[in-house]
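Going by TrEMBL, these are the annotated features:
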DOMAIN    41-292  domain 'G-protein coupled receptors family 1 profile'
TRANSMEM  12-40  transmembrane segment
TRANSMEM  60-87  transmembrane segment
TRANSMEM  99-120  transmembrane segment
TRANSMEM  140-163  transmembrane segment
TRANSMEM  241-260  transmembrane segment
TRANSMEM  272-292  transmembrane segment
Amino acid sequence: SSNGTGSSPLTFILTGIPGLLMSSYWMALPLCCLYLLMLLGNCTLLWTIKTDYSLHTPMYYFLSMLAVADLGLSLSTLPTMLAIFCFESTSLRFEACIAQMYFIHTFSAIESGVLVAMAFDRFVAICYPLRYTSVLTNSLIMKAGGAIFLRGVCVVLPVAVLIKKMPFCRSRVLSHSFCLHQDMLRLVCGDVKVNSLYGLTAVILTKGLDSLTILLSYMMIIRAILSIISQETRAKAFSTCISHLCAVLIFYIPLIGLSITHRFGKHLPPFTHTLLADAYLLVPPVLNPLVYSWKTKQIRRRILILLCQRG
């Protein structure tokens, strides 16, 4: 009924996909491919933006922040995911589980904040195009990036501190291949009201406010686009938002689905929760570079030039 003794430290047992054998290499291979694709896509995106001076604009600076957040989110889950499916290692020390939980939720909050900054970028570009360069200065972008990072770090830190003090005396088997706050909280032997309340507060202060801000931004963007008389100009203005809208949907749809199943899907098969959690953490980092490379001519052209030079 404690966090372990000197001779027997507390460990958690991570779960792969329910009903799937740990030694299923057909699952390990796609996972390795997904992580390689994520690393290649986001690193290529960062390198392309860094080396092409024509991409040194506010929109691409925010895109760089999104790629960094995606890398952090994926690398937070990488050790345990590969350990389970490649090496059949399911045990994880309490301290390591706390650290993984902290980094997962922190980078998730940072990514949500970056999506808000990108929505603001599109709002200014479409609603106030003549003031775009004067509003989104390099100084403002740096301050926004710092504020987004500090918010993620500070809001999630009490979550880790509070749960570290809790005793665990029930089954130590987690439901996922990585440590999440709500999953760990389920195994606590004690009063979790404070932890649950602060966890909910942290979600509201990050993803709750962020999703509302993005929604309001796009309401104003759509109103501005509809006021444009020229059909061609209207379509061109809306096309500049498609990549960001895809990134928002890729991030928030699995998150909303996971939240709903946690609250109301207790009758669903266990693998449903597992697959939604995996999709929430793995799909955005893999798809975001592909979406932006496909929809952004400058990035696509730059990548093609680099490929031709190497070829």
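In case you wondered, yes, glycine gets a Cβ from its N, Cα and C as well.
Unlike curated entries, TrEMBL annotations are predicted automatically.
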- line: Taken over the domain 'G-protein coupled receptors family 1 profile' (41-292), the predicted model's pLDDT averages 90
- prompt: Near the transmembrane segment (99-120), which residues from the same chain, at least 6 beyond its ends, have a CB less than 8 A from one of its CBs?
  reply: 59, 62-63, 65-66, 69-70, 72-73, 76-77, 79-80, 92, 144-145, 147-149, 151-153, 155-157, 159-160, 163, 178-181, 184, 202, 206-207, 210-211, 213-214, 217-218, 244, 247-248, 251, 281, 284
Message: Which sequence-distant residues neighbour the transmembrane segment (60-87)? Criterion: at least 6 residues beyond either end, Cβ under 8 Å.
response: 14, 16, 22, 24, 27-28, 31-32, 35, 38-39, 42-43, 45-46, 49-50, 100, 103-104, 106-108, 110-111, 114-115, 117-118, 121, 141, 145, 148, 177-179, 247, 281-282, 284-285, 288-289, 292
- prompt: Sequence-remote contacts (6 or more beyond its ends) of the transmembrane segment (140-163), Cβ cut-off under 8 Å?
  reply: 58, 61-62, 65, 98-99, 101-102, 105-107, 109-110, 113-114, 116-117, 181, 184-185, 188, 194-195, 198-199, 202, 205-206
